[in-house]
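**Q** Annotations for this protein, taken from Swiss-Prot, read as follows:
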- Glu101: active site, proton acceptor (ACT_SITE)
- Thr26, Gly27, Ser28, Thr29, Asp79, Gly80, Ala81, Asp82, Lys92, Gly93, Gly94, Gly95, Lys119: substrate binding site (BINDING)
Amino acid sequence: MSELKIKAAKAAIAYIEDDMVIGVGTGSTVNFFIKELAAIKHKIEACVASSKATEALLRAEGIPVIDLNSVQDLPIYVDGADEVNERGEMIKGGGGALTREKIVANVATQFICIVDESKVVKRLGEFPVAVEVVPMARSFVARQIVKLGGDPEYREGFVTDNGNIILDVFNLNFSTPMALEDSLNVIPGVVENGVFAKRLADKVLVASASGVNNLK
C-alpha cells in the first residue's frame, strides 16, 4: 500500500510550478508528498499547512511554512481522502484535521486529491464522517445527529488543533452529499464536518499497480 501512496505523491509533484505557494493537507499519503516536495524545495516559495502535524513535517524537511492569512492566492492544494468518488466528492478528516483542510481547500484555486485505489468508491458512506464539535456541545450535537439517522461515536482522548473534539458518525444517508454537509454544519456547536461535497477535488490522482490515473 505504501508503494501506491508514493506513486500518487510523485504524480502530484508534476503539478508544482516554480515559485508556487502550496497548500499541503494531512495524512499518510500527504506525508509521502512532503518527502517528494523536499527534493524540489528550492523551487517553491513556501507551503501553507493544514495541521500542526503537517507543519512539523514540512519544517523538518526544511520547507518554509507561512500562515494562510498572509496569502492572497493559493494556486494549489494537495491532500488525500478517506473516500472519494468519480465526481470528486470526498469524506475526509480521519486524521482530525478536517476544518483546516476544508478552509485551505476553499482558498486554493486547484485541489488535487491523491489516493490509492482502495479509497475510490461508487457511493460515499462506508467510512465514518468526522464532525468537529465545541466540547460543551458534544451531547447535544450527538442527539441532533441521531435525529439525522447517524450513529455518532466520541473519539476518546483526541483534541483537534483548534481545541475541539471529534464525533465519528456512521450510517449517514449520502443520497445527497451536499445537503448532508449542510445539515451537519447547521447544528449549533458543530464547527465543521468531513463531507467535502461543495468544495470538490479538481483532480483525483489514483494510484494502482498499473500506474496513476486521473479520475476527473
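Cβ atoms here come from the backbone N, Cα and C positions, even for glycine.
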**Q** List the Cα distance (Å, whole number) between Lys92 (substrate binding site) and the residue listed as 'active site, proton acceptor'.
**A** 9
**Q** For Thr26 (substrate binding site), just give me the three-state DSSP call.
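**A** Reduced to three states, the DSSP call for Thr26 (substrate binding site) is coil.
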**Q** Which whole-number value in Å describes the distance between the Cα atoms of the residue listed as 'active site, proton acceptor' and Ser28 (substrate binding site)?
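**A** So the Cα of Ser28 (substrate binding site) lies 14 Å away from that of the residue listed as 'active site, proton acceptor'.
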**Q** Whose Cβ lies within 8 Å of the mean position of the Cβ atoms of Thr26, Gly27, Ser28, Thr29, Asp79, Gly80, Ala81, Asp82, Lys92, Gly93, Gly94, Gly95, Lys119, the substrate site, other than those residues?
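**A** For the substrate site the neighbour list reads Gly25, Val30.
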**Q** Tell me which residues of the chain lie with their Cβ under 8 angstroms from that of Ser28 (substrate binding site), as long as they are six or more apart in sequence?
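**A** Within the chain, Ser28 (substrate binding site) has Cβ neighbours under 8 Å at Lys5, Gly80.
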**Q** Under 8 Å Cβ to Cβ from Asp79 (substrate binding site), same chain, six or more residues apart: give me those in sequence order, or none if nothing qualifies.
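**A** Long-range Cβ contacts: Gly23, Val24, Gly25, Thr26, Gly27, Val30, Ser50, Lys92, Glu101, Ala105, Phe111, Ile112, Cys113, Ile114.
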